[in-house]
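J.: Have a look at the structure that comes next, please.
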Protein chains: 2
Amino acid sequence: MSERALRAQKLDAEDELAGVRDRFVLDEVVYLDGNSLGALPAHVPGRVEDVVRRQWGELRIRSWDESGWWTAPERIGDRIAPLVGAAAGQIVVGDSTSVNVFKALVGAVRLTGEGRDEILVDATTFPTDGYIAESAARLTGCTLRPLAPAEVPAALGARTAAVLLNHVDYRTGRLHDLPSLTAAVRAAGAVSVWDLCHSAGALPVGLDEHGVDLAVGCTYKYLNGGPGSPAYLYVRRELQDGFDSPLPGWNSHAEPFGMRSGYEAAPGALRGRVGTPDILSMLALEAALEVWDGVPVTAVRAKSLALTDFFLECVEAYAPADRVRCVTPVAHEERGSQIALRCADAGDVMKRLIERGVVGDFRHPDVLRFGFTPLYVGFADAERAARVLGEVLGS
Amino acid sequence: MSERALRAQKLDAEDELAGVRDRFVLDEVVYLDGNSLGALPAHVPGRVEDVVRRQWGELRIRSWDESGWWTAPERIGDRIAPLVGAAAGQIVVGDSTSVNVFKALVGAVRLTGEGRDEILVDATTFPTDGYIAESAARLTGCTLRPLAPAEVPAALGARTAAVLLNHVDYRTGRLHDLPSLTAAVRAAGAVSVWDLCHSAGALPVGLDEHGVDLAVGCTYKYLNGGPGSPAYLYVRRELQDGFDSPLPGWNSHAEPFGMRSGYEAAPGALRGRVGTPDILSMLALEAALEVWDGVPVTAVRAKSLALTDFFLECVEAYAPADRVRCVTPVAHEERGSQIALRCADAGDVMKRLIERGVVGDFRHPDVLRFGFTPLYVGFADAERAARVLGEVLGS
């Protein structure tokens, strides 16, 4: 066994989160794609079965009250809240990330004053955010201006209505400076909208602490909610009374069962709701969130950085230097929980890695992406992944 | 046994759909709330378990290809298509009904020419349609005009952009004349949008035959997809190239994995997709749709009318005449698949019915609503429900 493999064993033995892995269904594969689809928590199948057989099958319509279906969006929002540094009553779960970006951006523009007609958006964002931002701009009479996050402070001005940024870049794994960018947006009188898809559950976000205005995120990556599990919307408490959703469905009405023809928005985070929530996906997510019991996000972050440091060290040792180049920042304060390696034949390399039991993913056109989920990925996994990568690249 | 109870037995014995009931999980309750939440098809729990344990738990990310997750929205759309009289390639499943109403209405306005700036909406619609229509009008610079469906033909004009109508009124159970209203909307140069929530799976809709432009519907009522299962959007083939969604998420991109910064809409019905589909709810729906194998919608309609006729006859015979008044049209061509009875103390009466094993629902302020799902409700159920109603009202 190599020096690094031995060190990995030691690091795993000392890992305070090592036991959390048992809360998941895993096999011999090194699964480094939890930033795309989180692994299955072991207790989720039983809970889903209860939702289907008993709650739907036996109680049927009564479950809207008796099984707590109706209040699931805000209840699960409150369960996610501590993971992203939010007090209760500010998050609702439901709809896809794209739909929530739309609610947030149109809502953001409506929260700002007259004369503010420009939306700034991260030019390297996950594409859907850019497409939806373009639609929100078009429908609200705004101009959309794509730019690098670092250019945001200089671009802010009296015309800026809203700024949509990713906390962690989906491709490079770069962590953007949420506290200072949020402060700059606020100082300019604009509204900040953060996309937390690649940070929630991987590192501390601190929504309340840093005064973020609006945020959205998915739940199927580091939150392990299952394929296509519903996304969430955070609306800072002080902004809730003024939040004017472009999707005012009956679930966000002050009196949803009053069946009134006139719309009156519910108080608080509830006004982020739209239509009937998809209960099966939502309650699978609720169950999945229990793996976080007793797990501090700070510990997850510490392990994530240690894992990615170690993986980088192993890649440097094992992989031919001219074959891959790391595009994820080395500085901890600029790194999310993934390592992205540029590689000319990345698509082919990832296929071969997967055949050999190391699952990451390929991002067009030339990126190998390895996500590190500290809840169930260990140091021996990191060492093995780098070793197999080295073998594939060297062969 | 009364004459009517005996007749119910005979009708059940002659019912060609009687055997379909065995495809569902049911008990001694008379479940007349399938127009709110359809009963659980018996094979769905096993299928959901496979999706959770094997597809998510074992195959994980590979299931997007290998388990057909990625193509589920259009595949399930094609499974729904024959139930609403649509050829394949025009329906996608995903998001809530409210979100789909939004896509459809904004898309409808964009399909019409310059100078058309008025949206007509059914004033007695399920509230969410009206709220969303108001939002769509606001964002597209249109005026919203609520009116009774019968007033639509006279209200159509050169300013009319879109018309949103319910096929069946959720409260009264009135079936609106889709063929003639659609023809009138088209003749006026406007775009028709139909909400099929209370008709799909209960009666023939004939979307293609009648030239409907756009339609939306939920899947958890007569389609038995489960609580909050995803809704669907129909875009008539001829309009697809011009359909310009206000929610252009990455799933509707021509090349979703190209991760391009510029949006280019996919061809066909796919452009109704938005974000990542909620797979658990979606595949539960797909399984649920199998109960329709070999079941013609025309047979469902015939039984629905026979059931509601018989129920009305029993109510007339058993219930004190001054206590309830039927608000559902007696004429078959104006009746959906429910019976709504006006009753001063409807809320209290429904509670007592439920205590006695007859589950319908109460619609504020004074409506008792009984939904008849011909796939699993029989004539003896109808007789028993009317009998218990008579006892409750007479006591």
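Quick reminder: no glycine exception, Cβ is built from N, Cα and C everywhere.
Just so you know, TrEMBL annotations are computer predictions that nobody has curated.
TrEMBL lists these features:
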BINDING   B:T97, B:S98, B:F126, B:P127, B:T128, B:D129, B:D195, B:H198, B:Y220, B:W250, B:T276  pyridoxal 5'-phosphate binding site
MOD_RES   B:K221  N6-(pyridoxal phosphate)lysine
J.: Taking each of B:T128, B:D195, B:Y220, B:K221, B:T276 in turn, which of these recorded positions have a Cβ less than 8 Å away from a Cβ in chain A?
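T.: Near chain A, the qualifying recorded positions are B:T128, B:Y220, B:T276.
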J.: Rounded to the nearest angstrom, how far is the Cα of the residue listed as 'N6-(pyridoxal phosphate)lysine' from the Cα of B:D195 (pyridoxal 5'-phosphate binding site)?
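T.: Per the Cα atoms, B:D195 (pyridoxal 5'-phosphate binding site) and the residue listed as 'N6-(pyridoxal phosphate)lysine' stand 13 Å apart.
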J.: Max Cα distance spanning B:T97, B:S98, B:F126, B:P127, B:T128, B:D129, B:D195, B:H198, B:Y220, B:W250, B:T276 (pyridoxal 5'-phosphate binders), Å?
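T.: So the maximum pairwise Cα distance among the pyridoxal 5'-phosphate binders is 31 Å.
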J.: From the binding-site residues B:T97, B:F126, B:T128, B:T276, pick the residue whose C-alpha lies nearest to the C-alpha of B:K221 (N6-(pyridoxal phosphate)lysine).
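T.: Checking each of B:T97, B:F126, B:T128, B:T276 against B:K221 (N6-(pyridoxal phosphate)lysine), the shortest Cα distance is to B:T97.
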J.: Taking DSSP three-state, what's B:K221 (N6-(pyridoxal phosphate)lysine) in: helix, strand or coil?
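T.: Assignment for B:K221 (N6-(pyridoxal phosphate)lysine) reads coil.
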J.: Ten-angstrom check, please: count other Cβ atoms within 10 Å of the Cβ of B:T97 (pyridoxal 5'-phosphate binding site), all chains counted.
T.: 28
J.: Restricting to the same chain and to sequence separations of six or more, state which residues have a Cβ under 8 Å from that of B:T276 (pyridoxal 5'-phosphate binding site).
T.: B:N251
J.: According to DSSP, does B:T97 (pyridoxal 5'-phosphate binding site) sit in a helix, a strand, or coil?
T.: helix
J.: Test of understanding: give the count of other CB atoms lying within 10 angstroms of the CB of B:F126 (pyridoxal 5'-phosphate binding site).
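T.: 21, counting other Cβ atoms within 10 Å of B:F126 (pyridoxal 5'-phosphate binding site).
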J.: For B:D195 (pyridoxal 5'-phosphate binding site), what is the secondary structure by DSSP, using just helix, strand and coil?
T.: strand
J.: Per DSSP, to which secondary structure element type does B:T128 (pyridoxal 5'-phosphate binding site) belong, with helix, strand and coil as the options?
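T.: Once the DSSP labels are grouped into three classes, B:T128 (pyridoxal 5'-phosphate binding site) ends up as helix.
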J.: Have a look around B:D195 (pyridoxal 5'-phosphate binding site) and count the other CB atoms within 10 A of its CB, chains all included.
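T.: Step by step: centre on the Cβ of B:D195 (pyridoxal 5'-phosphate binding site), count other Cβ atoms within 10 Å, giving 27.
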J.: Around B:T128 (pyridoxal 5'-phosphate binding site), which residues of its chain at least 6 apart sit with Cβ under 8 Å of its Cβ?
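T.: For B:T128 (pyridoxal 5'-phosphate binding site), the qualifying residues are B:T97, B:S98, B:V101.
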J.: Cβ-Cβ under 8 Å from B:Y220 (pyridoxal 5'-phosphate binding site), same chain, 6 or more residues apart: which ones?
T.: B:L37, B:G38, B:G226, B:P227, B:G228, B:S229
